[in-house]
Amino acid sequence: MNELLLAQGAGALDLGVLATIGYGLATLGPGLGIGILVGKTVEAMARQPEMAGQLRTTMFLGIAFTEALALIGLVAGFLF
């Protein structure tokens, strides 16, 4: 009887574990997005130094919007 209960318990996954794995995978998108965004902005600043101020402002706006996606995912993970 105990072996049967142990076998059933070992096959069941906790939803908290799945939510943690899901959010961990969901953070890859914003992380890659911010990395690409900053890299391309630095590349653009190297090509046109006179536009550095405007590019920096646009970069920070892009980072804020991309980071908002990660925070929305975190909140959704806590709610559901």
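Count begins at 1; order follows the chain as displayed.
Any Cβ shown, glycine's included, is placed from N, Cα and C.
Quantities reported herein were computed from a predicted structural model and do not represent experimental measurements.
As annotated by TrEMBL, transmembrane segment applies to 15-38 (among others). Note on the transmembrane segment (15-38): residues 59, 62-63, 66-67, 69-70, 73-74, 77, 80 of its chain, located 6 or more positions outside it, place their CB under 8 angstroms from a CB of the stretch.
Positions annotated as domain 'V-ATPase proteolipid subunit C-like' by TrEMBL: 19-80. Mapped onto DSSP helix, strand and coil, the domain 'V-ATPase proteolipid subunit C-like' (19-80) counts 59 helix, 0 strand, 3 coil.
Sequence-distant contacts of the transmembrane segment (59-79) (same chain, six or more residues past either end, CB-CB distance under 8 Å): 19, 22-23, 26-27, 29-31, 33-34, 37-38, 41. Feature annotation from TrEMBL assigns transmembrane segment to 59-79 (among others).
Taken from TrEMBL, the feature site 'Reversibly protonated during proton transport' applies to Glu67. Counting only same-chain residues at least 6 apart in sequence, those with a Cβ under 8 Å from the Cβ of Glu67 (site 'Reversibly protonated during proton transport') are Pro30, Ile34.
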Local confidence of the prediction over the domain 'V-ATPase proteolipid subunit C-like' (19-80), expressed as mean pLDDT:
90
